[in-house]
Amino acid sequence: MTLSLFDQFSSPSFLGIPMILMALALPWLLIPTPTSRWLSNRVVSLQGWFIARFTSQLFMPLNVGGHKWAPLLASLMMFLLTLNMLGLMPYIFTPTTQLSLNLGLAVPLWLATVLIGMRNQPTHALGHFLPEGTPTALIPILIIIETISLFIRPLALGVRLTANLTAGHLLIHLISSAVFVLMPMMPTVAILTAVLLLLLTMLEVAVAMIQAYVFILLLSLYLQENV
């Protein structure tokens, strides 16, 4: 039976039980936890250095009030990064290719930044809808445009992450299938295609890391506007 290319993105199940919860719990089991000892191993030290550098760079433009979000966004960054990297392994389901999951992460966090802005500085938050000096004739149109741009932010967050990972997985699947088909007929072309597949896989590793960073970076920018 011929399967669709998008069947690889369907949520797996075992005995009628969806396995997406196991896929979401797997990254937390792989992330090493610090010990109470004075000296730790290299993996924990490298992880601590990475989280410290990432947090300092991400929250440098924010004031002290925004630093309360550091544990949440740093944990989400490690979570998305691990999910994206695990999804590049064969026969591993990638939960971040599901738009429902990405929107489930993007919408509440975006809404929290908006509500914080409305509570702490409502005048400044509402001032984004109507910049100072706007002509009277453009006021209704500008308010509608700014409102649409505000509500499209969580959709853009989820769709960007989903589209980039889905496109990369589809390209890897198509090129790897081409390698197996061309190998008995044209070995030279198959080898060149395999080299292209290797380069694409390296690119996808970079995309997996960059998309996790971009997701958190955009959330921090939304937070910066409201704190």
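Even glycines carry a Cβ here, placed using N, Cα and C.
TrEMBL labels come from automatic prediction, so no person has curated them.
Going by TrEMBL, these are the annotated features:
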{"type": "TRANSMEM", "residues": "12-31", "note": "transmembrane segment"}
{"type": "TRANSMEM", "residues": "72-92", "note": "transmembrane segment"}
{"type": "TRANSMEM", "residues": "99-118", "note": "transmembrane segment"}
{"type": "TRANSMEM", "residues": "138-159", "note": "transmembrane segment"}
{"type": "TRANSMEM", "residues": "171-199", "note": "transmembrane segment"}
{"type": "TRANSMEM", "residues": "205-223", "note": "transmembrane segment"}
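Sequence-distant neighbours of the transmembrane segment (99-118) (same chain, 6+ residues past either end, Cβ-Cβ under 8 Å): 20, 76, 124-126, 150, 153-155, 157-159, 161-162, 215, 219, 222-223, 225-227. By the count of Cβ pairs under 8 Å, the stretch nearest in packing to the transmembrane segment (72-92) among 12-31, 138-159, 205-223 is 205-223. Tertiary neighbourhood of the transmembrane segment (12-31): same-chain residues 47, 78-79, 82-83, 86, 92-95, 98, 101, selected by CB-CB distance under 8 Å and a gap of 6+ residues from either end.
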